[in-house]
Structures are given as C-alpha cells and as structure tokens.
C-alpha cells in the first residue's frame, strides 16, 4: 500500500469512474444482495422537447457556424479535384447533375429527414445510435462496449423502455455473440473514422482556401501556401484551450456571409455565362454522362463525393441544437446556397473549361476576389473547428463508455456540457494535421483521403439506422429495404470509386483509423478480460460477512470509501485488501461509478444506496450519462454520499454510528490492478494484454483523476490478475 501521488496505471478493481461490461441473465447480484432505496418518484417517460418558433430559428442560425462549416466550404475544392480534361458542356452538365442529386439524396433525404430521427434523446452520432440500440437489445457479449443493466435503470427519466416484443432481428442479435462483436467493432470503426476526420478536415479546408492566392501571383509557390497553412493551423490548435464558445463566437455570422456572397456570385455567373445551366437538375444528364465517359465518370465520383463531406456533422452535432433547427438551416439556407454556388461555377466553366483546376477562385469577379479570399479563409477555419470539437466530444463519449484510454477532459463552459477540450487529443491532432499538410503539400491526394473517411462513416450510419428501424421503430420490412438497399448501393458505388484512390492518398484514413482502432480494441479487450476475471472471483455477501466477523479482523474507527467498478457483486480486491491488512473501517462504503448508455442522469437520480450484509457495510451506485461531467470535489462527493446514506438508514443508532464514524476520519481506498496473460492464451491475446493494454494502462490518466481527493487520505492497494 502507498500514497496515490502520481499519474500511474490505476486500474480499479477498485478504480473510480469505470465499471464492468458483464451482463447476467438472472437477477443481478446487486439486486439479490442489497435493496436500493429509490430517492425519487417514478418520473414521467421522456417526451420530445418542444422549442418556441423564435428559439428554433435562432438555433438554426447558430447551427450555420457549427454544423455547416465543412459542408458549406466544399465548393472550393470539388471541381479542382476532378482532373477532367477536354471538357464539353455535356460533361459539365453531367457533373453538376451528379452533385445536385448527391446532395439531394444523401444529405437532404437521408440525413435531414431520416437519420436525424434516429437520435438518442436529442443526441446524434455513432455512439448515440449504439446506446439507443443497446437500450432495446440485451448486449451480453464480453467483448462488447460495457452495457450492464439493472432493473432500476428503466425508471430513469432519459432511459427508454425497451419493447417486450422480440423481433427476429432483436432475437438474432441477443443470442449471437459474433453479431454483437461485429456491431461493437463497427461502432468503434465509425468513431475512429470521425477522429481521423478531425485531422483531415483542417488540413484539406485550410489548404484549399489558401491555394486561391496562387491564381493572383505567380511568385507564390505551393511551398509558400503549405507553410502559411501550417502557421494558421498551429495557431488554430493553440487556441483550442480557450474553449469552443470563445474560439467560435463569430462563426455563424461568417458562415451566413459566406452563403449569402456565394449565392450572389453564383447567380451572377449563371446570368452572365449560362442562364440555362439549372437544367442539369434533370437526372438524364447523369445517364448521358456515364454512357459517354464510363470509366472516367466512375473515377469522377470520388471528386463529386467531396460535395457532401461534412454532412455527417449534421447528425454528430445534433446535441448542440435540435432536429428542427438543423432541418430548417439546411433546407432553407445551406441546400439552395450550395446548388446555386455549384451552378455558378459550372456556368463559368462552360465558357472557361481550362480553369477547372482552380474553378472556384477563377469564377470570382475581380472586384470581389480579395474579400472572398478572406471570407473563404475564415470559413475554412470554421470548418476545421467543427470537426476538432467533434473529435473532443467523441473521445469524451468513448471514455465514458469505457472503450478509450483515459485522457484529460476539460470542460470549457459552465453553461454547455458538450463543450470540452482534451490537451492530449488536441496536440496529437495538430501533429497529424501538420504532417498531412507538409507530406501531401495540398495535392489531390489529400482530397482523396478526405473523401474516403466520410463515405465509411456514412455507410456505418446507414447500417445502424437500419437496425434502429428494425428493432426499435418496428418499421415495415418493405420500407426498411426501401431505405437500406438504395442507400447502401449508392454509397457502395461511391466507396468503390474512392477505394480506387487508395494508392493516391486514400490509404491515409485507413492508417489513421487502424491506429485508433488498435488502441480502442486493445483497451476494450483488456477491460473485458479484467471484468471476466472479477466476475469469476467476486465475493458473496456471506463470504464478506464471515471475514468481517472474524476475530482476526479489526474494525478501526472512521469511514472507508472503497472504489470498485464491478457493478454486480463484490470485487476480489476487497478480499485481497482484508486478508493483507486484517482491518476494515467501522463503516465501509463500496462505491461504483456507472456510466449509462443515456445522455444524462438527473441529479436526484445520481445516487442509489443500500445496505450490504453486516452493519456498517453499504453499497453506493453513482450514475452518470455519457454527456455528464464526472468532475467532483471531495467535499461535494462525500457530502452527497453521506446524505443518501442518512436517507436510507431508518435506525437512529445506525445513523449516529455513521455520523460518529465520519467525524473520526475518512479514507479513500483505490486499487491498482495489473493484468498478466497466462500461457493458456494465444500469442495475439498475450501480446495484446502484456504489451498493448499494459502500455496504454501505464500511460493513461489515473482512474480517480476526476475526483479531487487529498493524497494523504488515499490508500492504494495492488493486485495481479493472471488471466
């Protein structure tokens, strides 16, 4: 035992802040060994929050600066990424028609009117979809993201009650561990892709915006653009610690100005160069384009797909606004502005096809070039900020669901829980982004890499949304097929075109995603093995009573808060602690912090307490949603637990004993467990546990880092788990 002084590999078997993922079919040990006191009335089931019309319009305006930065700046680099030569008017009409219908089908119809409905109480993104599904499917695979259920969970305000009906899909997923593992890996892959997008988006957007300056001066080389981009990007990442609200307070006006000016310029170009260009809205131009160009048209799909990069942010950033606001913002501002901007570029290219390598900036009238260059650069920063912030948020959600090593998460706003910052992730993204800019020097390869990461996120979203339709919405199978088959076909066609660009930069997102996926899978696997070890060797209430009743065990004065992440039962490290110290405080509270697959837990639902065995031993569940802050100061934490204990205890003598024990001193006991793979495991399993997981464990933050407790009142005990 020793003081908890440093950031080390504290792994609760005992640890604070994480809990095991095991699920038992029968009534849990918690429900068998203790009786939780409900400290709140049965809350009403959650209803969709209604917003006044003016507030919705205000949120729609604010969403322009947070949600649509990436999507809104796509006209800068779409045509320049096509590499088309010997252009004809028919080729340009076909390309424009492809862009229009890609925006319409994949963004307007799929995301705006279908996917946004598959939200988790207003939260969107890969993890929100997963948690939404998990509340209706009993995930029991040991490899899956932790999803321990208790009967009391369904009484919570934000916990959706699952349907008692078992569809074939639900029954298949609940009884097939392979399918559950596939679902877990799919969710983790989507998460890794979004994190990779956090590096690719700033690199692509800032470079594309700054490259426009080359059309005005032959003295400015690509190297100049690269290093200017590096300086701007380093400055952007350096200011992240200020918080999203301070960095992006002017984003919405910038993006509104961007859309308005682009609509004006696009309309001007249409009238001046080709007034009938909007006839490209007819999809027959797509058919003609493919029949005439075949292989070239298929290659072009990768560039066309860049017109919808950033669409995934509409769903990922849903929690910052609401569904109606995002629908209004896209349908009435972003969508028509993008159509007119692309149409204006195409009209200009009909007369000047040789300018396609720099289509956007070449199409700008001379008097507005420099103002638009400034606005474009600012809009690129907006686009970069949206995905950087999304990366911080998704890492925080990954942490709370136990599938990412612990890093420092700082809440930068007291008003908005979703505004977070992670120094470690920020610096890593900065190094990665600068490396991409310097390595690719702004070539088409970087745009190819950018498109590949987004298409995979969209495919995963399509798959998970289909599961929601089948399992939760109970949608007619014909309607489900009407959604799944067309969109999977369209996105697969785009994917095949983008995969063709793997040698030309498309390998980058796979490399980034593989790196993060190895980290997440290694961490999740190690946590699952640790959970299995504890589940097999956990103590029963009778065993604990016998140990505490022994004459060899001395009950010292005071209170002991023993942190454990085992929800169902008493972890073996408590047995290890008692056997090696022969003493326990007269009052011991075994505390488990749970992160539920819901967005938030109300304060009155935060603590559940109950008596465990002999007098003086209690169990306390501290429950958070994945969007809740788990930062708690020692005094606030102790006072909250003690208040719940006092509410639970009816016997006056017992209340007095608790009060007396609190006055005699409080000690916090945490555990440091080390995993070691036994020889019965395969080579890959041993390598994962002994090297990858242990490395991540040693270099991650301490599990009690979110609880501010004094080191002099903290005991740390160690135990080796040979699994």
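Yeah, the Cβs are placed from backbone N, Cα and C, and that goes for glycine too.
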Range annotated as transmembrane segment - as stated in TrEMBL, picked from 368-388, 389-409, 536-556: 368-388
Across the domain 'K+ potassium transporter C-terminal' (557-723), what is the average pLDDT of the model, as a whole number? 84
Check the transmembrane segment (328-348) against the transmembrane segment (251-271) for contact, please; criterion is three or more CB pairs under 8 Å, pairs 6 or more apart in sequence. yes
Let me check one thing: do the transmembrane segment (368-388) and the transmembrane segment (222-239) come into contact, meaning three or more Cβ pairs under 8 Å with sequence separation of at least 6? yes
Dominant neighbour of the transmembrane segment (92-114) in 182-210, 222-239, 251-271, 450-471, 478-499, by Cβ pairs under 8 Å: 478-499
With pairs closer than 6 in sequence left out, are the transmembrane segment (478-499) and the transmembrane segment (425-444) joined by 3 or more CB pairs under 8 Å? no
Long-range CB partners for the transmembrane segment (478-499) (under 8 A, at least six residues beyond its ends), listed in sequence order, are 105-106, 110, 114, 298-302, 305, 448, 451-452, 455-456, 458-459, 462-463, 465-466, 469-470, 506
Does the transmembrane segment (505-525) come near the transmembrane segment (222-239), with 3+ Cβ pairs under 8 Å (pairs 6 or more apart)? no
